[in-house]
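This report refers to the structure that appears directly beneath it.
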Amino acid sequence: MRIFSFLFLLLLGILTGQGLVSGTDNGKTTDVTWDKYSLSVKGQRLFVFSGEFHYQRLPVPELWLDVFQKLRANGFNAISVYFFWSFHSASEGEFDFENGAHDIQRLFDYAKEAGLYVIARAGPYCNAETSAGGFALWAANGQMGNERTSDEAYYEKWRPWILEVGKIIAKNQITNGGPVILNQHENELVETTYDPNHTLVVYMKQIAQVFEEAGIVVPSSHNEKGMRGVSWSTDYHNVGGAVNIYGLDSYPGGLSCTNPNSGFNLVRTYHQWFQNYSFTQPSYLPEFEGGWFQPWGGSFYDTCATELSPEFPDVYYKNNIGSRVTLHSIYMTYGGTNWGHSAAPVVYTSYDYAAPLRETREIRDKLKQTKLIGLFTRVSKDLLKTYMEGNGTGYTSDSSIYTWSLRNPDTNAGFYVLAHSTSSTRDVTTFTLNVTTSAGAISIPDIELNGRQSKIIVTDYNFGTNSTLLFSSAEVLTYANLDVNVLVFYLNVGQKGTFVFKDEPKLAFQTYGNSNLTTSESSYGTQYSYTQGKGVTAVKFSNGVLAYFLDKESAWNFFAPPTTSSPQVAPNEHILVQGPYLVRGASVNHGTVEITGDNANTTSIEVYTGNSQVKKIKWNGKTIETRKTAYGSLIGTAPGAEDVKIQLPSLDSWKAQDTLPEIQPDYDDSKWTVCNKTTSVNAIAPLSLPVLYSGDYGYHAGTKVYRGRFDGRNVTGANVTVQNGAAAGWAAWVNGQYAGGSAGSPNLAATSAVLTFNSSSLKDQDNVLTVVTDYTGHDQNSVRPKGTQNPRGILGATLIGGGNFTSWRIQGNAGGEKNIDPVRGPMNEGGLYGERMGWHLPGYKVPKSASKSSPLDGVSGAEGRFYTTTFKLKLDKDLDVPIGLQLGAPEGTKAVVQVFMNGYQFGHYLPHTGPQSLFPFPPGVINNRGENTLAISMWALTDAGAKLDKVELVAYGKYRSGFDFNQDWGYLQPGWKDRSQYA
């Protein structure tokens, strides 16, 4: 026994020395463990630097890899993913995980290929500004009873979903060679009562049980909805339902798109919160502000300068590191598009979110700044085990500076996170920082914070064998252990940096660049000081260390592409590249370093591989002219796209057809669904009978068309109330004549109007009231009175002047819950006649009876038109050119406009509400090389008519790319088939 114990301890010591650690596990797997410091995967501590990504909001699976490569290149090692029940289940008992973007196996495969772990978040409720919070729309009509509780009716609905999606998640766990390391239970569910029999506790236990049935063994997690409660932590009132890893969501910015001086107030109480409520677990922020959503009538994301500023990640994300957070997920990192009718009413078509990666997949400065943090955390292993040594304003010579002081108890490495105490200030402050090192107390001079700037100052920072920084006032971006140890610093131009190598004599060095290095002696070693010049400076030291000094702009274009596919990248498993817009990947083969990437403009490219046998650079498969520097790097030129002229076709050949024939009294609606219910499963009682809630008749997303009949000439009008979400308008006609309606309001989900009937238009019998309603989504759970169950459609309709309606019929999207277009899915289309007939689909042949009219002509009264055109693109094969459609309308226009590209509804334009008028299309929805079908539906909300004054294709940026955008997207664009049965 003693021999066994000795051998066990010896082995443990060896494993610990190799960086392998043990920790708490969940009793199901030891592949993912944790302690109060960090998560560990396969025995290796990991700083989880994750980005939120929603595959549903980018319906081209091949582009998921494009996004993942960009995240990996910019320092991320994980993605957090919602799986929306609504996207996969058009009707009860039916689940689609195969067609198009519904094939989530490809999501896991691409994540693994890109080198990213996955945090799975399947709900069943998600929120996420998506329609009904991600609940299947067929169930969001009251039939689930008390949602998000242990109600049996609810349980019976969500259980099949979690079982089905859970099996796929389970197949892709780290234990099975997949990328999934955490599985979230529910979403922001506040634990209101600590009682083992409480319905929420029972509900969370049910979720855990069903995930276990599905085969999930990785640790569970949950995300607290801000500091509003303490929920599901094993360290606080654990009466059941607790998860393994507690997390806290936080959106602290308080920023304004219209006032650049608002907000920017840091939260400095995260550490105390986690110490109080999850002290045996690592500090986890499952959702930390990567931007913020904008409502109908709000601002457009491109105008939100404060949200887009790189100052935000620099200050806020470093503050989180100072708070000892080691699981950090940014919501959103790529937002995407609320295409079709997938949005909740709180947002419009774009879900750009002012995220680091633009909706068009373009890299913002915000992402470039985020990369500096991601690459730092990737190599800074001592950061993964620290305690809070202290914090406050007493660490510097200036009390306006706030400091977090973290210490690794094993290595004595220190991390001092600095920011202005008043985080919103724009003051420039120079000060001295007092630090504790292995050489004693040291005062580091001439540290500057330029307004909304933060810095992480390291002490006793190891960056390779026999290589340690005693301290550095320049920030460390990353380091590499190659043939020599390579250290990369960054500062703003003009800022001063000072560093000391631990236990090193005065070193000789050679400088290459604009930043001049000087030395001075001290009791703790030679100090090396410099003022950051513009661009890149390399310094070769006599101890072999190579140091790069980068200004911020150069750091933004600095990459460390891994040479491993693992999300965990050791310092000897990446090379260093400076210059291009994006470096997707790199490898060394037969004396050549092969790099794939993207460039907007031609740039220099410098590569350090640490391999003296490497003589050439291949950029996107082509060898470029290369020279070798005195310090061992290779330099060449990476071509860009600045000389490429993008000529987009004008859209001047349109055909138009009536998309509201139902207005006419003689329209045949005999095959429509009869509205004859006198009771509803919905707990909200209708204002009149019969029930006219669209969900009760199997129509959920998109436009609805109602036709109600009544008799008599004495009726003077009708009182109608419609509820289809914020900003949703509606219009009504009696026997073909416009009778009124509502243009909708961003502040109202339901609107009422008293319709006025012209007596001359009425008949003794069989008058027809046609009501056409727009739709902006189902509410999320937090919206009163009943959240996702708040009904859609007509809440009430009564005649004025005597009598009742004799009948009602409804028509919605073609097929209702049948999901006749499984590739695009159940939320793409609504019930406009042109949609039901498939006029928006590729291959539809416009009849000769269609008029030659464009959206610029519009309609003169309360009418609707469906406009179609085709155009061809022939972009170069190696180009990524995001393309969108710019719309405009005369002031005062009140209309509902939809944009369809190759069958996908990728634009919902309300010119009277705004703010969005520019709608981008990703490749795969638009064909960059080939024919495209563009359709625009437009119906006027008043008898003043409606038209557009701008309809033109626009290009965003243009990039020479190593990614294959020249693919056959045909499988994503199923064509037209006869739909006459849905008239």
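One-based numbering along the chain as shown.
Glycine is treated like the rest: Cβ placed from N, Cα and C.
Here is what Swiss-Prot says about this protein:
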- Glu188: active site, proton donor (ACT_SITE)
- Glu287: active site, nucleophile (ACT_SITE)
- Tyr82, Asn127, Ala128, Glu129, Asn187, Tyr251, Tyr353: substrate binding site (BINDING)
- Cys257-Cys304: disulfide bond (DISULFID)
- Asn197: N-linked glycosylation site (CARBOHYD)
- Asn276: N-linked glycosylation site (CARBOHYD)
- Asn391: N-linked glycosylation site (CARBOHYD)
- Asn434: N-linked glycosylation site (CARBOHYD)
- Asn466: N-linked glycosylation site (CARBOHYD)
- Asn516: N-linked glycosylation site (CARBOHYD)
- Asn601: N-linked glycosylation site (CARBOHYD)
- Asn676: N-linked glycosylation site (CARBOHYD)
- Asn714: N-linked glycosylation site (CARBOHYD)
- Asn719: N-linked glycosylation site (CARBOHYD)
- Asn758: N-linked glycosylation site (CARBOHYD)
- Asn804: N-linked glycosylation site (CARBOHYD)
- 1-23: signal peptide (SIGNAL)
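If you compare Cα positions, Glu129 (substrate binding site) sits closest to Cys257 out of the recorded positions Cys257, Asn466, Asn516, Asn676, Asn804. Within the set Tyr82, Asn127, Ala128, Glu129, Asn187, Tyr251, Tyr353 that the record links to substrate, no two Cα atoms are more than 19 Å apart, and one pair reaches that distance.
Sequence-distant neighbours of Asn516 (N-linked glycosylation site) (same chain, 6+ apart, CB under 8 A from its CB) are Tyr530, Thr531, Gly533. Here the candidates are the recorded positions Glu188, Asn434, Asn466, Asn601, Asn758. The one whose C-alpha lies nearest to that of Tyr353 (substrate binding site) is Glu188. In the structure shown, the C-beta of Asn187 has more C-beta neighbours within 10 angstroms than that of any other entry among the recorded positions Asn187, Asn197, Asn434, Asn676, Asn719. Long-range C-beta contacts of Asn127 (substrate binding site), restricted to its own chain and to partners at least six residues apart, with a cutoff below 8 Å, comprise Gly133, Gly134, Asn187, Glu188, Gln780, Asn781, Ser782. Taking the C-alpha atom of Asn714 (N-linked glycosylation site) as reference, the shortest distance to any of the recorded positions Tyr82, Ala128, Tyr251, Glu287 belongs to Ala128.
The C-beta environment of Cys304 (disulfide bond), restricted to residues of the same chain at least 6 apart in sequence and closer than 8 Å, consists of Leu255, Cys257, Gly291, Trp292, Gln294, Ala354. If you compare Cα positions, Asn391 (N-linked glycosylation site) sits closest to Tyr251 out of the recorded positions Ala128, Tyr251, Glu287.
Checked against Asn197 (N-linked glycosylation site) by C-alpha proximity, the recorded positions Tyr82, Tyr251, Asn676, Asn758 yield Tyr82 as the nearest. Long-range C-beta contacts of Tyr251 (substrate binding site), restricted to its own chain and to partners at least six residues apart, with a cutoff below 8 Å, comprise Gly226, Glu287, Phe288, Glu289, Trp292. Separating the Cα atoms of Asn719 (N-linked glycosylation site) and Asn601 (N-linked glycosylation site) is a whole-number distance of 60 Å.
The shortest Cα-Cα distance between Ala128 (substrate binding site) and any of the glycosylation sites Asn434, Asn676, Asn758 is the one to Asn676. If you count neighbouring Cβ atoms within 10 Å for each of the binding-site residues Tyr82, Tyr353, the highest count belongs to Tyr353. Put simply, Tyr82 (substrate binding site) is 28 Å from Asn276 (N-linked glycosylation site) when counted between their Cα atoms.
Annotated pair Asn804 (N-linked glycosylation site) and Asn466 (N-linked glycosylation site), C-alpha to C-alpha distance, rounded: 90 Å. All protein chains included, Asn391 (N-linked glycosylation site) registers 18 other Cβ atoms within 10 Å of its own Cβ. Tyr82 (substrate binding site) and Asn758 (N-linked glycosylation site) have their C-alpha atoms 51 Å apart, to the nearest angstrom.
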